[in-house]
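Trainee: Before I ask anything, let me first share the structure, which is written out below as structure tokens.
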């Protein structure tokens, strides 16, 4: 743990773990404190579990490493997620998902007891997550309301896998662990036991506590409590539904052989009752191809270390022998599950860390050079300085080069789960296996090669960084996925709600606010079902507020379009527009963002602002964050950065309009209006000097009063007419 700040009296010290600033203490676990962490750029909240290496024994530290490896195996909506792992000589930091609802224990104490309907909701989510764990041979062994957290929507998150164990095949567990009130009789007797059966008993005790508000076995004397658990005799209140009583008796059964399994529980009449109640969210099945490993060189060292941390593969030679075997086995299944996790969520070095001086700062566990899915070793990742000079990557802004020289190269160790958090891709390109073709809004450093297109719509040079040669021949779908992944990072970020700006925020939409560009993340993961088209426009105006109202005036007359004004931070203006639902694609969202593309203008001069909108259509739960500002030093129309769009802006607009007009959709009118706005803007810029403000659009009802209009906090009325859209036209693929 590190601290920065002045040493004078009354100075505030800020403690950081990587990009996260440590705040208040959330709780205290068995191995250390849990503190709230806030990302210094994105303001994402996380829970950071701090483990003191010096105060814990080697066996306890091995349990922590086992917890890390187990959390990599589990990806379920009702299991707390692991983002990253940091460490230094004294501490180990686990960056976990933050949930704001607190413990189920506190919720139960507050409400006394729950209704059968609410108890069934929680119970279903617990069983769903536990069934997923058991299918991956993981037993929790410490289930209790204190380890069940609630998110902002009162959904369950199973936490604290410090006691969890991997139970392979028909083997039995020996370690007696857990809480006496929730432990099964065979664990208390010190016998070998089935971890899956022990978890079922604990779930039965939890369900009883939810319905009754008290525990089935309780006593102030620990010896008496253990005797009650061994006998398994408890009082069943009359207000518990009869069907639920039979379920409880089947789960809280002393004889482990007669105890219900998770399969029987999920088929029980009380569990499947309540037809109008929503089913627990099911995770996307992970199908991993198990292939043969020809030699030891083909085994990933990070995955091998993670498997060794699980505890059940302590014989390293036997583990290697099983992995190299031609037959499919449990060891190979776990190996390829961990390898799949590492492939999908690679852990990279941090960028854009706050400037600070520490003797022993926490360092992120990053991936070592590893093998890809085809058995070929990937080249070692290089630092940003090397990429900018040798491999033709995006040039590093001067600000980033200075910061990286101050911080130095981050150390590399065992792989940890990656949160994928990044700052704005405009200000600091992210190191990824596939270089991202993104530019920088900041001035290009001296000595960095640039090229100028032969023709520029505005007649001015348009210096851009040279494109990376490594992505030239890759199909556009692969490049699109690479761009989306570098934009969004790991899907494991905590989703943030969009805030409607206050009048003060909208009144401060001026270039003097800040030249820094923030990163906007709207929704969840990018999925293949999302269909989107993107456009960008660079406008010469004096204030950003004028640009906002001008575009807003363009959107107002479009039918079937609902919109609201967003802003974060104040120097960026955004609009979210919701169109009519499509028959096959679902609701249509349009994101419009505006930000500086050059330095803030001096009073009396014009400023250059970039505007991009993205129309995406998908089921509501699949919406992705595609509303990112596009940098462009040019004062003219610029080609879209998305590779599936036409290289020419006007042609791209024609492609989008034609594609949508085939559906007969009301949104085709929207693109017609925008296309006309583009045409007027292009003609206006061609007739004027680059320093002259562009003509105001005549399409919007705001007219010349747009710049002096009301505060941007006004939420305009949403359209009442919601028309059905026809089937979408096929996407036009371009190489």
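Including glycine, each Cβ sits where the backbone N, Cα and C put it.
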Trainee: Labelled region 'Disordered' by Swiss-Prot, one stretch among 317-338, 493-514, 515-536, 537-558. Can you tell me which?
Mentor: 493-514
Trainee: Quick one: which of 179, 424, 436, 490 has phosphoserine in Swiss-Prot?
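Mentor: Matching 179, 424, 436, 490 against Swiss-Prot annotations yields 424.
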Trainee: Quick check on the record annotations: which of 383, 418, 636 is tagged phosphoserine by Swiss-Prot?
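Mentor: 383, according to Swiss-Prot.
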Trainee: Name the residue, out of 49, 55, that Swiss-Prot lists for the same ATP site as 26, 27, 28, 29, 30, 31, 32, 33, 34, please.
Mentor: 49
Trainee: Quick one: which of 574-627, 682-735 does Swiss-Prot have down as region 'Disordered'?
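Mentor: Comparing 574-627, 682-735 with Swiss-Prot, region 'Disordered' matches 682-735.
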Trainee: State which of the following modified residues has the fewest other Cβ atoms within 10 Å around its Cβ: 175, 261, 295.
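Mentor: Least crowded of the modified residues 175, 261, 295, by Cβ count within 10 Å, is 295.
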Trainee: Pop the mean pLDDT for the domain 'UBA' (298-340) in here, whole number is fine.
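Mentor: It averages 77.
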Trainee: Rounded to the nearest Å, what's the C-alpha distance separating residue 295 (phosphoserine) and residue 261 (phosphothreonine)? Just drop the number here, would you?
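Mentor: Residue 295 (phosphoserine) to residue 261 (phosphothreonine), Cα-Cα distance: 40 Å.
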Trainee: Go ahead and report the DSSP secondary structure tallies for the domain 'UBA' (298-340): helix first, then strand, then coil.
Mentor: 29 helix, 0 strand, 14 coil
Trainee: Please report the Cα separation of residue 175 (phosphothreonine) and residue 261 (phosphothreonine) in Å, rounded to an integer.
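Mentor: Residue 261 (phosphothreonine) has its Cα 21 Å from the Cα of residue 175 (phosphothreonine).
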Trainee: Which of the three DSSP-derived classes (helix, strand, coil) applies to residue 295 (phosphoserine)?
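Mentor: SS state of residue 295 (phosphoserine) = coil.
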